[in-house]
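Asks: Here it is, the structure, as structure tokens.
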Amino acid sequence: VFMENRNNVTEFILRGLTQDKAVAKVCFSLFLIFYATIILGNLLIIVTIKTSKQLDSPMYFFLGCLSFVDISYSTVTAPKLIYDLLVEKKTISFVGCITQVFAGHFFGCTEIFLLTAMAYDRCIAICKPLHYTSIVNKHVCGWLVAASWLGGFVHSGVQAMLTIQLEFCGPNEIDHYFCDVHPLLKLACTDTYVTGALVAANSGVISLICFLALVVSYGVILLSLRTRSSEGRLKALYTCASHITVVILFLGPCIFIYMRPSVTFSVDKMVSVFYTLITPMLNPLIYTLRNEEVKGAMKRLWSREAKRS
């Protein structure tokens with residue numbers, strides 16, 4: 001009530017992804033398939049890791065957590081996007097909009113922190129294999145995941161608070177398919193220079209620090225591989241390749257969107273589709289197609305289920 005009383009705006013109109021009805025119908029079918037793939041693919045990874053004794057290691061524990069975050073992150077925007085592609089008037093309440101800002105940044109930031117934790121895990125596994133089990137034990141894994149969730153919560157709390165204190169008196173049309181900070185800053189009645197700078201600093205610093213941590217992790221891995229045999233180098237690089245691919249696909253678009261002042265570009269919507277739908281869909285494929293252990297565990301799970309039925 002307090003939030004709505006401060007503003008003339010009680011709901012926002014989303015312009016959506018496209019105004020072309022034919023394109024919208026194609027996108028509806030495509031994104032529905034994408035979202036179903038995200039849910040089924042990531043659930044399959046979670047179930048496989050939970051039920052397989054062979055995948056009882058920190059790497060797969062982090063992968064299971066990542067799959068859960070991917071499902072949650074895509075669910076913040078995908079169902080609304082898919083539904084809105086078929087309706088004429090796309091609206092979202094003020095409270096719903098702020099909730100979407102909070103949830104999107106919460107799961108998105110948690111994913112960035114998790115990817116950083118996974119890079120640390122790979123770094124220790126390759127550089128200090130003899131001490132790996134004592135350094136990255138279950139207790140440490142639990143703390144790293146908890147810290148990722150806490151970091152995501154603090155970041156999203158700041159973003160939501162910065163958005164709540166803005167005053168909106170009209171227009172109320174957001175040129176996007178979901179509520180995010182930059183498009184909302186464009187609609188605010190007050191001067192948003194300071195708020196925009198704080199938003200960019202909050203998102204940008206996190207993205208940059210995590211990106212640098214990832215670069216350092218893989219730099220240390222590459223340096224340690226100089227003393228290995230060519231077979232050992234290939235095996236280690238093959239293990240890291242999946243993670244590096246996921247990091248580039250997710251962090252690249254995030255840095256493009258959030259590491260800049262509060263300006264919006266026409267390409268932003270397509271870039272946003274990439275990290276809210278495409279990447280969460282590709283993650284299970286990237287990790288399973290390049291990982292023999294996961295593929296083996298999935299086959300065993302499938303054969304067990306086939307025998308039961």
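Cβ atoms are placed via backbone N, Cα and C, with glycine included.
Copied straight from TrEMBL:
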type	residues	note
TRANSMEM	22-47	transmembrane segment
DOMAIN	41-287	domain 'G-protein coupled receptors family 1 profile'
TRANSMEM	59-78	transmembrane segment
TRANSMEM	98-120	transmembrane segment
TRANSMEM	140-158	transmembrane segment
TRANSMEM	205-225	transmembrane segment
TRANSMEM	237-258	transmembrane segment
TRANSMEM	270-289	transmembrane segment
Asks: Go through the chain and flag residues at least 6 beyond the ends of the transmembrane segment (59-78) whose CB is under 8 A from any CB in it; none is fine as an answer.
Replies: 31, 34-35, 38-39, 42-43, 45-46, 49-50, 100, 103-104, 107-108, 110-111, 114-115, 117-118, 121-122, 125, 138, 141, 144-145, 148, 177-178, 276-277, 279-281, 283-284, 287, 293-294
Asks: Looking only at the recorded stretches 22-47, 98-120, 140-158, 237-258, which one has the largest tally of CB-CB distances under 8 Å to the transmembrane segment (205-225)?
Replies: 98-120
Asks: Determine whether the transmembrane segment (237-258) and the transmembrane segment (98-120) share at least three Cβ pairs under 8 Å, counting only pairs 6 or more apart in sequence.
Replies: yes
Asks: With a cut-off of 8 Å between Cβ atoms, can you find at least three pairs linking the transmembrane segment (98-120) to the transmembrane segment (140-158)? Only pairs 6 or more residues apart in sequence count.
Replies: yes
Asks: By a Cβ-Cβ criterion of under 8 Å, what residues six or more beyond either terminus of the transmembrane segment (22-47) are in contact with it?
Replies: 16, 63-64, 67-68, 70-71, 74, 78-79, 81-82, 85-86, 277-278, 280-281, 283-285, 287-288, 294, 298, 301
Asks: On the 0 to 100 pLDDT scale, where does the domain 'G-protein coupled receptors family 1 profile' (41-287) sit on average?
Replies: 88
